[in-house]
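Chemist: Below is the structure I would like to discuss, written out as structure tokens.
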Amino acid sequence: MDYFENVPKVQYEGKNAKSKYAFRHYNPEEIIMGKPMKDHLRFSVAFWHTMTEDGSDPFGDGTYQRNWEGSTPMETAKNRVDAFFEILEKLGAEYFCFHDVDIAPQGDSLKEFLENIDVMTDYIKGKMDKTGVKLLWNTANMFTHPTFVNGAATTNNADVYSMAAAQVKKGLDVSKKLNGENYVFWGGREGYENLLNTDMNFELDNLARFYQMVIDYAQKIDYHPQFLIEPKPKEPTKHQYDYDAATAMAFIQKYNLEDSFKLNLEANHATLAGHTFEHELNVAKNYNALGSLDANQGDLLLGWDTDEFPTDIYTATLAMYEVLDFGGIAPGGLNFDAKVRRTSFAMDDLILAHIAGMDTYARGLRAAAKMKDDNFFEQIIANRYESFSSGIGKQIVENKEDLESLTNYALSLNGVENKSGHIEHLKSLLNDYLV
């Protein structure tokens, strides 16, 4: 069955494209800074928002028109995989991501769930072998089921901790089976609702123990992915332990996990944490921990995770600048952790939304590459910190000064003269790269 029979394969047609099923900016084979655009961006489609959402919200029923529902949960699961790989083929997307519960019915027991995962990953592997599509990352959903009401690896219940371990073990087995390039941990329930009954230090110690078990098991099965922690400050838990990039890195460093873990950063999660997306990427870059991106955007007027498809060229440009400055995102990628709006309920909206996101990041990549070629930010930063490139500043950087010598220097000064940052002018110059 063709699920999108009225949608052609999406091709690059340029800014004057007449078809809505065309890329106007994403040209996969276009060479930018020495390699094809597709290799810079490494686009991935998220199974969960694409295939399992129905458009419902707390105030209304689902609106999405979908044609893959079967007569049994397993039939529906296989239909979804068929439709999903058709979407990947239409878009020319080379990667995908999923949670375990996205692809397999959970059944009535852990045993049945794990068996269903085996069946469905066999089915998915067949599709991968046929199409050449690759798994960017998979993860275990340990936040939806009532079992995880108090967390998974930070739970107060040792039985629940064991259930989480079993689910992640299967996730690692699956990732090896499908040759996943990364494995993600997002702790939606790893945090606390009320500090009055929480031993935070104990919970974080247990979380670190869990991650060490993950490292040990991966070595045992000779599987070496890039492990990624995905920060988010809140939602669904009031206070989540992986609040933002800096908090996650503090945890990683405290427990000596730097050799195994980097960060998967999401734009909307940055918004919820009170940061820009580029801030989070810059923090991760400075720790050498920029692992992968969830390319979406939030609504600055709302206080929750709206997971919109990215259309903000300004944010995409600054994000891609950080990626280029880091030397690239591989083995990570840009995963569209985004869902179509409730009013975008037609089947082809799934294709159109991904086209919009892919075009947006293609424009961001082009602009960021031009800025790198022009040394735009490099010159600005060099000028701002030039006092540390000679004289007393250079002496400070070379660790040749101390408090006493700097005091003597300060006393010899006849006042201090600061330079204007000209920030409005710099923003105006940045805008010139975006048109």
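Any Cβ shown, glycine's included, is placed from N, Cα and C.
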Chemist: Can you tell which of Glu203, Glu258, Glu266 Swiss-Prot lists as binding Mg(2+) 1 with Glu230, Asp294, Asp337?
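Modeler: Looking at Glu203, Glu258, Glu266, the one Swiss-Prot places in the Mg(2+) 1 site next to Glu230, Asp294, Asp337 is Glu266.
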Chemist: Say you check the Cα of Asp307 (Mg(2+) 2 binding site) against those of the recorded positions Asp102, Asp294, Asp337; which is nearest?
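Modeler: Nearest by Cα distance to Asp307 (Mg(2+) 2 binding site): Asp337.
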Chemist: Here are the recorded positions: His99, His269. Which has the lowest count of other Cβ atoms within 10 Å?
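Modeler: Selected from the recorded positions His99, His269 on minimum Cβ neighbours within 10 Å: His99.
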Chemist: What's the number of neighbouring CB atoms sitting within 10 A of the CB on Asp305 (Mg(2+) 2 binding site)?
Modeler: 19
Chemist: For His269 (Mg(2+) 2 binding site), which of the three DSSP-derived states applies: helix, strand, or coil?
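Modeler: Helix, per DSSP.
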Chemist: Residues near the Mg(2+) 2 site, Glu266, His269, Asp305, Asp307 excluded, by Cβ within 8 Å of the Cβ center?
Modeler: Lys232, Ala267, Asn268, Thr271, Leu272, Asp294, Asn296, Gly298, Thr306, Asp337
Chemist: Between His269 (Mg(2+) 2 binding site) and Glu230 (Mg(2+) 1 binding site), how many Å separate their Cα atoms?
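Modeler: Here the two Cα atoms lie 9 Å apart.
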